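So that you can see what the record holds, here are the features copied from Swiss-Prot:
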type	residues	note
BINDING	Gly189, Ala190, Gly191, Val192, Gly193, Lys194, Thr195, Val196	ATP binding site
SITE	Ser384	site 'Required for activity'
TRANSIT	1-32	transit peptide
Amino acid sequence: MVLPRLIPRLSRSAFKVAQANNRVFNAPFRGMASSAGVGSGKIRTVIGAVVDVQFEQDNLPAILNALTIDRGEGNKLVLEVAQHLGENTVRTIAMDGTEGLVRGTSVADTGAPITIPVGRGTLGRIINVCGEPIDERGPIEATKFLPIHADPPTFAEQSTTAEVLETGIKVVDLLAPYARGGKIGLFGGAGVGKTVFIQELINNIAKAHGGFSVFCGVGERTREGNDLYREMKETGVINLEGESKVTLVFGQMNEPPGARARVALTGLTIAEYFRDEEGQDVLLFVDNIFRFTQAGSEVSALLGRIPSAVGYQPTLATDMGALQERITTTQKGSVTSVQAVYVPADDLTDPAPATTFAHLDATTVLSRGISELGIYPAVDPLDSKSRLLDIDVVGQEHYDVASNVQQTLQAYKSLQDIIAILGMDELSEQDKLTVERARKIQRFLSQPFTVAEVFTGIEGRLVSLKDTVRSFKEILDGKHDALPEAAFYMVGGIEEVVAKAEKLAAESK
């Protein structure tokens, strides 16, 4: 029993060596991996998404290898090896439905993990977990292919310098800055502007950094994925005629758990290629990271593992770490991840969100209360946090301005009950001044988005970090106390506030 278990470990190690020597798989290499015919077997058992396949003694496939079943008319079902059961039998997880499979059907070993197309040919396309296009726009034009399972960059390859990734969004850059190569949790309910916020980030990264983005729908509703695709076409993020800025990777809610558990790795592999081979600063969106954990839990149960706390898989921390550790900055480029986080029953101690929080560098909270005020982006300036808001990283001036903005907003929040009961007249002169400045800051945190221009009619603004810090410093110092609140709403820099105030004054005469 020891030898069959040892063989796959050795072959997997050999594959990692080959992968290190030739990180980018081109088409001929990929063809050789599948046509060399490492081995073939026959289906022994089918139980839902789990398929047991029996091989010859010398041809047992390695753990994580992709197996294929020809279903006719060019359709292939992909299986991923999960366990070796003994008696030359492997237990696999199907990446698609297993309806119609029968015992005795022939199964081919590709000799490598699931391998997907990468590079610019994927931009503007929608692909599934196996890298196949699902947008009915023909095959993907790609010359490079990579396996979805890879080791994270070595310590020597990683860049350990904490750098701020400028997004051009004032509230984010000032109060909860994103780390280049960091991981950000995006919290928000339905209808608070999560999709528009994501689209603006994609647009700004393309403009400011020339970088690409990968949107990964893990356990997405098919309708939401379709809506996102249509909105991206309307706003120009996806350009069917020219080069698009984003690749969409979907493992929908109705798909088997195997596909949902692996689709995040597919999206990450595409992002890694842009980072490592093209030196890009890439944005990777994962919606929803909880569904990744949920799918892993389903797979674990199907494989017969004993569950741990709350029914989650015993390998929860390992699975999450394997994904998150690959999201990092290297000497060549970076992958910065924005992950929507669903919190089951609003219980932050649930193992799934609790494991996710351990990896996050920043949290961006979208608030319904702020969106009801008509302030967009509806980012909560007091709830959103970042480990990069540190004097050693952002500098003394930025840190002081951000702290004073938060203190002013917190003071206004604590005075709101008094104002609601007694009115503004009962406040001291200092408190009145604090409230006036806080209301101006609150409105100045709003910003017209380029992707929302078709709805608002206001041209989008991308504000540099330097201008953002200077503008808020001037408001805190009282330089613009004489200007009306309305002038601070939906503008870019402070110069626009002054110009808008003059325009409002002229119109009122």
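Backbone N, Cα and C atoms are what each Cβ position is placed from, and that goes for glycine too.
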Between Thr195 (ATP binding site) and Ser384 (site 'Required for activity'), the C-alpha gap once rounded to whole angstrom: 18
Entry from the binding-site residues list Ala190, Val192, Val196 having the most other CB atoms no farther than 10 A: Val192
Cβ neighbour count (within 10 Å, all chains shown) around Gly191 (ATP binding site): 11
Spatial separation of Ser384 (site 'Required for activity') from Lys194 (ATP binding site) - C-alpha basis, Å: 14
Gly189, Ala190, Gly191, Val192, Gly193, Lys194, Thr195, Val196 excluded, remaining Cβ within 8 Å of their centroid (ATP): Gly188, Phe197, Leu366, Ser371, Ala378
Residue with minimal Cβ packing [other Cβ atoms within 10 Å] among the binding-site residues Gly189, Gly193: Gly189
Cα-Cα distance linking Gly189 (ATP binding site) and Ser384 (site 'Required for activity'), given in Å to the nearest integer: 15
Fewest Cβ neighbours within 10 Å, where candidates are the recorded positions Thr195, Ser384: Thr195
